[in-house]
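Quick look at what TrEMBL lists:
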- 3-166: domain 'FAD/NAD(P)-binding' (DOMAIN)
- Ala12, Leu42, Val78, Trp347, Gly354, Thr355, Ile356: FAD binding site (BINDING)
- Arg193, Arg194, Glu205, Gly354: NADP(+) binding site (BINDING)
Amino acid sequence: MHHIAIIGSGPAGYYTAEAAQKHWGDDVRIDIFDTLPVPYGLIRTGVAPDHQSIKGVSRRYEATALNENVRFVGNVTVGSDVSMDELRELYDAVVLATGAPNDRPLGIEGEDLGNIFGSAAFVGWYNGHPQFAGLDPDLSGKNAVVIGMGNVALDVARILAKTEAEFAGADIVTHALDALRVSSLQTITIVGRRGPHQIMMTPKELGELMHLDRATPRVDPADLPEEAEDAILEPGLRKSVAHLRSFAAIPESERADKAIEIDFDMFASPLRFLGEGKVTGLEVERTKVETGRAVGTGETYVIPADLVVSCIGYRSSPIPGVPFDERAGRFANDEGRILPGIYCVGWARRGPTGTIGTNRPDGFGVVEKIAEDLTSGALGAGGKEGRTGFNALAEQRGLDIVTFRDWKKIEEAEAKAAREGAPREKFVDIEAMIRARG
Ligand code: NAP
């Protein structure tokens, strides 16, 4: 019997469990640990609340979770409730599927001013992550600045721009919907340090900006290269750039009846935040792109900002004793192998890139490495205690484990509490989640 511990119950964790289940069948026991009492990680707290079809993938994870050999061990934090060393003693392999939950800082002056947030915090706020539910951003100003030209920046801009009616069917938490309902925002500026050919935004997501009830996108035609130059782009990026071109072509007459403008400010590198106590502006330096890199031109200007959300990427959380690549912000690994018996997968392995589906081959890849190492004897002689040993430890420590069955009760309670038309109203604090299991 092989015993595998997976730390983190997001997409990378569940795809790894699915792969291990397929590989070893009845010869494996898989425990999936999570700090939260609820599973699915980024599907629950990262994917935008108005993108319910993407969240549907959790049904696939549920099919894995309901397998006899797989169990969810919620409300347990590796590092405080149980150590990595203890897990290594108990399981043949420990797989870190912990994602990249921390905001990468910009590292510029004024970053600690009020009403400036990283996207992990801001997205966590509107998605009801217990750590960020109390963020309380002030949306009473006119100008929001969203830094970064990736899909997270697009998510944040779109959520800030939508009307209450456009959240029908979304699982945005009520505290965020209440705040957005009374928001006074008129301009949402998306700031990118490079140009149209370097955006990381994907076409489907970019196209959504054309269909917002009260907001319209704006691109300065002068920022666009000659159309013929788009020919060298790979097809996805070419489609995204085509969207930017159509934003630039929107006639002023069509903008008049829209209350909010989503303004793309490209070739603008953040220099410093202005304000006293609270942010009032972002000073940027005009750039030009040379061999793919943003190079400052010396020209600076200030973008008014009452709210800032920085969407420039994420970092994983290091674990004492586990080699970490500080520069890349993820675990130091060789194709998922970190140390004998310790592996990583998903964003914890490769950094915060790719779609949810990218994690599936990652999960199958790491299981292949574990299988090779089990066969070669690199993981020792076996005979580990696995979950029996963990259960004894948990009992001794009085850990209050939340099981998958408990989660189903929490899920039911969230569905019951939903606004009309919404799939769920999430509990946003851990105590409430635990109480809901009955
Ligand atoms: P991302 O795609 O890597 O975009 C990060 C953006 O931040 C880039 O435009 C980058 O510009 C910019 N940036 C980085 N450092 C900067 C700095 N110091 N100053 C100014 N700008 C800076 O990351 P993401 O948006 O966080 O998304 C993470 C992953 O999740 C991506 O793979 C994304 O596609 C995925 N995702 C997908 C969806 C979806 O499919 N609906 C939704 C959300 C997220 P440079 O390119 O110049 O470095």
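Cβ atoms are placed via backbone N, Cα and C, with glycine included.
Whatever TrEMBL says is automated annotation, not expert-curated.
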Over all shown protein chains, what is the count of other CB atoms within 10 A of the CB belonging to Arg194 (NADP(+) binding site)?
20
By a simple count, how many Cβ atoms lie within 10 Å of the Cβ of Glu205 (NADP(+) binding site), its own Cβ left out?
19
Which one is it, among the binding-site residues Ala12, Leu42, Gly354, that lies nearest to Arg193 (NADP(+) binding site) by Cα separation?
Gly354
Would you count the other C-beta atoms found within 10 angstroms of the C-beta of Leu42 (FAD binding site) for me?
21
Taking only same-chain residues 6+ apart in sequence, whose CB is under 8 Å from that of Trp347 (FAD binding site), what do you get?
Ala12, Gly99, Ala100, Tyr314, Ser316, Arg330, Thr353
Can you list which of the binding-site residues Trp347, Gly354, Thr355 have their Cβ under 6 Å from some atom of ligand 1?
Gly354, Thr355
Around the C-beta of Arg193 (NADP(+) binding site), how many further C-beta atoms are within 10 angstroms, looking at every protein chain?
21
Based on DSSP, name the secondary structure state of Gly354 (FAD binding site): helix, strand or coil.
coil
Can you tell me how far the Cα of Val78 (FAD binding site) sits from the Cα of Glu205 (NADP(+) binding site), in Å?
35
Tell me which residues of the chain lie with their Cβ under 8 angstroms from that of Gly354 (FAD binding site), as long as they are six or more apart in sequence?
none
Might you list, by sequence position, any residue in that chain lying six or more from Ile356 (FAD binding site) with a Cβ less than 8 Å away from its Cβ?
Pro11, Leu42, Ile43, Val47, Ile54, Val57
For each of the binding-site residues (Ala12, Val78), count the other CB atoms lying within 10 A of its CB, then report the residue with the highest count.
Ala12
Would you mind checking how many other C-beta atoms are within 10 angstroms of the C-beta on Thr355 (FAD binding site)?
11
Given the NADP(+) binding site residues Arg193, Arg194, Glu205, Gly354 in the record, what is the largest Cα to Cα distance, rounded to whole Å?
21
